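Asker: I'd like to ask you about the structure that follows.
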């Protein structure tokens with residue numbers, strides 16, 4: 001695919017970018033070889049996105065040089081970059097979902113037969129690319145019918161159709177199952193075999209070590225180092241990313257759970273397939289993890305407890321009192337809070353400020369006798385969220401979409417703490433958050449446990465569950481396969497339980 005005549009396919013040297021009052025990039029380097037997978041890492045705000053926007057011409061760099069295949073380039077658009085052989089597979093996929101797969105691949109450059117589109121050639125060419133990349137998708141189906149994993153594969157095939165030399169992948173596995181991740185890695189390795197340089201952006205350390213050859217680390221808009229991954233360990237990478245040693249990935253747990261406060265007995269959701277006969281107890285000050293494979297219905301547990309999913313039978317008792325929780329409003333009044341998995345779609349109101357996002361779950365608390373909103377109390381509570389959650393922001397009027405993922409998540413956790421819950425349920429609380437911010441979220445969770453909150457955490461990251469929980473409930477195909485003490489269990493035992501009812 002790639003005619004290899006250069007040591008580096010892409011050379012970005014001394015790239016700087018300034019905005020009014022802010023130096024976003026300060027002499028940053030990124031050099032990508034052919035036949036290699038190159039990790040680009042750094043905390044949120046380190047400059048990764050700005051660097052790539054300079055490459056694609058979205059931002060105009062103030063200093064530095066960009067060489068592609070040995071020639072200086074200054075792309076003015078993503079389209080120009082793509083047509084030149086530099087492609088990006090975004091975290092949020094940008095496809096025409098009502099069109100067919102092959103339409104999406106060849107959009108704007110359809111093969112012609114006379115005045116008409118040559119659909120037969122388009123089909124054959126798409127099938128040929130899919131065969132080369134080991135992609136099993138019908139080119140004629142609508143993109144809307146595909147899974148996220150399949151949509152990503154279509155984007156990779158599109159890059160391949162442009163004879164891309166550089167393929168940039170931004171958090172490509174954030175919504176994929178383990179099996180889908182494995183298939184994606186197979187396809188990425190095929191690109192590598194054909195001479196491509198793949199730039200791989202991810203917060204998941206395990207993936208970086210599994211697939212990448214080299215790593216470039218940015219911190220605070222500056223280039224820290226570029227090294228072969230061989231010989232590096234996770235602690236060294238984290239230290240370079242955050243500028244200090246994190247001697248532990250998880251804060252030390254010093255809290256001892258107290259008496260049982262929540263009893264869940266034979267919980268079954270109304271609309272199946274979902275959870276069936278799930279039972280567990282939760283103590284004050286306890287952190288209960290929920291593990292399971294994708295499709296094990298972990299999220300259904302907290303949604304049923306919170307009243308957004310109807311139950312057909314079962315009991316929920318808080319301090320021995322039966323809780324109906326027929327909807328989310330009733331659950332909130334009963335002392336339950338839920339931080340949802342999809343932060344962008346169901347957690348934040350991106351175009352609104354921190355005040356709105358912090359207070360939206362508790363609006364009635366701010367109404368005066370006249371029916372107006374108390375500005376003083378709203379400001380006070382917003383400031384409490386910013387201070388207690390350690391949110392990094394210039395102002396409470398800042399749009400939440402401009403904050404990093406970690407700071408957005410802190411605002412959402414603060415929002416629910418304002419409702420004064422006894423039971424806090426967190427679904428994938430650190431997804432898409434960098435390693436330094438994860439540590440801060442873990443600290444907040446442990447502090448809440450010390451205040452005798454009952455905490456339930458759903459996570460797909462096994463080290464996270466083993467690092468901060470007291471016990472782990474393992475789900476398998478909608479049923480509870482077992483509950484294990486975190487200190488006494490292992491990853492293998494959890495995986496065995498997760499497969500029990502498959």
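Our numbering is plain: 1 for the first residue shown, then up by one each step along the chain.
Heads up, the Cβ atoms here are built off N, Cα and C, so glycines get one too.
Quick paste of what Swiss-Prot says about this protein:
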type    : residues                       : note
BINDING : 42, 43, 44, 45, 46, 47, 48, 49 : ATP binding site
DOMAIN  : 10-245                         : domain 'ABC transporter 1'
DOMAIN  : 255-502                        : domain 'ABC transporter 2'
Asker: Applying a 10 Å Cβ distance cut-off over all chains shown, what neighbour count does residue 44 (ATP binding site) have?
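Answerer: Total other Cβ atoms inside 10 Å, all chains included: 18.
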Asker: What are the other residues, in sequence order, whose C-beta lies within 8 angstroms of the center of the C-beta atoms of 42, 43, 44, 45, 46, 47, 48, 49 at the ATP site?
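Answerer: Close Cβ neighbours, site residues excluded: 50, 218, 434.
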Asker: These are the binding-site residues: 42, 47. Which one scores highest on other Cβ atoms within 10 Å?
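Answerer: Ranked by Cβ atoms within 10 Å, first place goes to 42.
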Asker: Within 10 Å of the Cβ of residue 45 (ATP binding site), how many other Cβ atoms can you find? Include all protein chains, please.
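Answerer: Result for residue 45 (ATP binding site): 21 neighbouring Cβ atoms inside 10 Å.
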